[in-house]
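Below is one structure, written out as C-alpha cells; the observations come after it.
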Amino acid sequence: MQNPNGTILQLYHSGRLSAALHAFQALPSSPAPAPLSAATYAALVTACSRLRSLCQGRLVHHHLIASPDAGLAGNTVLNNHLITMYGRCAAPDSARLVFDEMPAKNPVSWASVIAAHTQNRRSTDALVLFSSMLRAGTAPDQFALGSAVRACAELGDIVVGRQVHAQAMKSETGSGLIVQNALVTMYSKSGFVGDGFSLFTRMREKDLISWGSIIAGFAQQGCEMEALHIFREMIAEGLHHPNQFHFGSVFSACGVLGSLEYGKQIHSLSVKYNLDSNSYAGCSLSDMYARCKKLESARKVFYGIDAPDLVSWNSIINACSVEGLLSEAMLLFSDMRDSGLRPDGITVRGLLCACVGCDALQPGRLIHSYLVKLGLDGDVSVCNSLLSMYARCMDFSSAMDVFHETRDRDVVTWNSILTACVQHQHLEVVFELFNLLQRLVPSLDGISLNNVLSASAELGYLEMVKQVHAYTFKVGLVNDTMLSNGLIDTYAKCGSLDDAAKHFEMMGTNCDVFSWSSLIVGYAQSGYARKALDLFARMRNLGIKPNHVTFVGVLTACSRVGFVDEGCYYYSIMEPEHGILPTREHCSCVIDLLSRAGRLTEAAKFVDQMPFEPDIVMWKTLLAASKTHNDVEMGKRAAEGVLNIDPSHSAAYVLLCNIYAASGDWNEFARLKKAMRSSGVKKSPGKSWVKLKGELKVFIVEDRSHPESEEIYTMLDIVGMEMIKAGYVPKLPCQYTSFDHTNSDLSDEEMTMEYG
C-alpha cells in the first residue's frame, strides 16, 4: 500500500468503516509497523467505536503504542478517542487504564472516562471520577455534567443528584441541552417528576429528548393523563415529530388508564408517522389494546410488527395468559421458538400464569419440562411461578416438590407455598412451615403472617393467633393495616370477640373499611347483632363508605336475630345510596333472613326474581328452612335445586329425609334412603384437630390408624349410651344401640340425622 494514511482516511470519510479497518489489517507488520498519522489513528479508533469492535480497537491501540513516533502514544486527543472507544465497546476498565496513564488530561478526558463508566452501569465509579475532577480543579463541561447526572439517575440517588444540579447551575455549561435533559430524566426516574416538569417548563430550548424524558417520566410515575396532555402539547407545537419512544410512552399511559379512545387516536397518528410497525412502539401499542380487553386488535398489531423482538413476543403471550387463553398463548410460544428467539424467564412465567385448573395441569407440566431444558429451573422467580401453577392446577404434591427443590428461596417462595397449603386445606403443614421459617429468616412479612392467620381461623387455633399478634410487635409490623385487619378477622372467627374489638380500638385512625367490616362480620356471625348494627351506624356517622363485605355483615346480623324488615331495608339501600351492586352473597343473606323467619314463600319469590341463577348455598338455605318449618313442597323444590347442581351432595339427601320423616311420609323416606345407598352417596369424612404437648393431632371420622383406636371407639360407645341414659331421645324411629362407625354404612351426617 503506497499511501496507507490516504487510503484509510479516504475509506473512513466515505463511510466505509469496515473497509478502512480491513485496509489497516492489511498493513505489513514487519520489519516494523507502518507509520500512520495521528489523523489516521483517530479515524481508525472512531471506526472501532462506531462498529463496537473491541477486538479491532485493541489491535489499533497496540499498533499506536508500537508506533515509531513516540509522541503519538501520549497524544491527548488520541487517548481521548481511545477512552471513548473502550467505553462504547463495554470495556470501562480499559478506558480507565488509558486515562490513568495519560501524561496530560483535559476536560474532554475527564468527560470521556466518566461517560465510559456511566454507559456501562458503573455509576458509583463515574461519580467518584466526577468528584476527583472537581478536586483536581478542572471545570466540568456539559458532557461530564450530563454523565454525572445520568449516574445519579441510575443509582436513584436524588441527594447527590441535587448536588450535581447545583454544580451545573454554577457552571457556564450547566444550561446546555444535554445537562438539562439529563436532569429532567433524573428527577422523573427518581420519583420527583414535579421537579423535572418545573425544570422542563423553564428550558429555553427543547428537543425530542426533552419532550420524551418528561412524557416518559409522567407515564412511569403514575401520572398517565399528564403524559398524554404533554404529548398533545408537543404535537400542537409542531416543531418536533414524535419518535417510537414518545409513542411507546403514551401507548403505555393509555393502557394503564384503560383509555381505548385516546389509544385509537394516537394509533392513527403513529400510522401517519409509519411507526405502528416499529418494534418498540408496536409492542406498547399491542399491550395497550390487550389492557383495554381488545385482544383481537392486540394480535393484529403484533403480527404487523416488522421484526418483533423478545419483549414484543413476551407482551402478547402475557396478554393471552392474563385473559386465560392458554391454547393461544402456547401457540404463540411455539411460533416464537420457530422464529429463532430463545424464551426467557418472563416468557415461561407468562405461560405458567395461564395454567389454572385441573385441565391446565398437562400443559403446565410440558412448560415445566421445557424450562428445565432451557436451564431456567434455577431461576427463583420461575420456580415461584411454577409452584403457584401446580397449586392452581390442584396438584399440591408437585407444588411441594418444587418448593423443596428450589434453591435460594426468597420470601415469595415461602408465601407461595403457605398460600398453597391454606388453599388445599393442609393447615397443619402451614404451622410446620411457619416454625421452620421463623428459624431461617430474621423477620417474616405481612403476607406470611396472614397465611398463618388464615389457617388459624380455619382451625379456631386461638393460641397461634396470639403468637402471631405478639410476633407483629417483635418485628415492627404492629402498624401494618392489612395484617391488623387479618388479626381482627381471625380473633372474631376464633370466637375471641373481646380481643378483636380491643385490637380494632388500638388501631385508631389506621382503621379502614376492611377493619370495620371485619369486626361487623365477626359480631354478626357470633350472634351479636345489635353490636354489629351499632358499629355499622358508628361507621356511617364517621363518613366511612361501606363496601360489599360490610353489608354481608349487616345482613347476617339481621338474619341471626330475626330483624327481617331492618335487613330488607339495608338490602334496598345498598345500590341507590352506596353504589354497591348486590352479589350472590348478599342475596344468600336475604334468603337466609326470610327463611329463618318462616317467610318461605317470600324467600322463594326472591330467588325467582334474582338477576342470576341461584347457587347451591341458596338452595341449601331454603332446604334447611323447609325442614325447620316442615314445608314438604318447598323442601322438594330446594332439594331438587341442590341435586341439579351437585347430584352427589349428601346434605340434600339427609335434609330431605328429615323433612319426609317429620311429615310422616315414611315411604318417601325409605325410597330416598335406598337411593342414597344404591348411588353410593357418602359425606366427606369430618376432621378435627387438637394440640397436645405442643404437637397438633389430627382426627378423621372412621380413621383407625391411631394405635389406641379400639379404646377411643369404646369410649365413644360409652358416651353415646350415657347420652341416652341422660334422657336424649332420637327424633327418628330408626334406633341404633351403638355408635359403631365401622359397621354402619351411613355417613356421620346421616348418623346425626338418626340421632337428632
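Residue numbers in this text run from 1 along the chain shown.
Each residue, glycine too, has its Cβ placed from N, Cα and C.
Keep in mind that this is a model prediction, so the values were computed, not measured.
Here the repeat 'PPR' (106-140) has long-range neighbours at 76, 79-80, 83-84, 86-88, 90, 92, 95-96, 99, 147-148, 150-152, 154-155, 160, 164, 167, 171-173, meaning same-chain residues at least 6 beyond its ends whose C-beta is under 8 angstroms from one of its own. As annotated by TrEMBL, repeat 'PPR' applies to 106-140 (among others).
The repeat 'PPR' annotation in TrEMBL covers 207-241 (among others). Sequence-remote contacts of a segment are chain residues at least 6 beyond its ends whose Cβ falls under 8 Å from one of its Cβ atoms, and for the repeat 'PPR' (207-241) they are 177, 180-181, 184-185, 187-189, 191, 193, 196-197, 200, 249-250, 252-254, 256-257, 259, 262, 266, 269, 273.
The feature repeat 'PPR' is assigned by TrEMBL to 309-343 (among others). Note on the repeat 'PPR' (309-343): its mean pLDDT in the predicted model is 88.
Sequence-distant neighbours of the repeat 'PPR' (379-413) (same chain, 6+ residues past either end, Cβ-Cβ under 8 Å): 345, 348-349, 352-353, 355-358, 360-361, 364, 367-368, 371, 419-421, 423-424, 426, 441, 444-445, 447-448. Look at TrEMBL and you will find 379-413 (among others) tagged as repeat 'PPR'.
Within the chain, the repeat 'PPR' (512-546) has long-range Cβ neighbours (under 8 A, six or more residues past its boundaries) at 481-482, 484-485, 488-489, 491-493, 495, 497, 500-501, 504, 552-554, 556-558, 560-561, 563, 566, 578, 580. Taken from TrEMBL, the feature repeat 'PPR' covers 512-546 (among others).
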May I have the DSSP-based helix, strand and coil counts for the residues of the repeat 'PPR' (207-241)?
27 helix, 0 strand, 8 coil
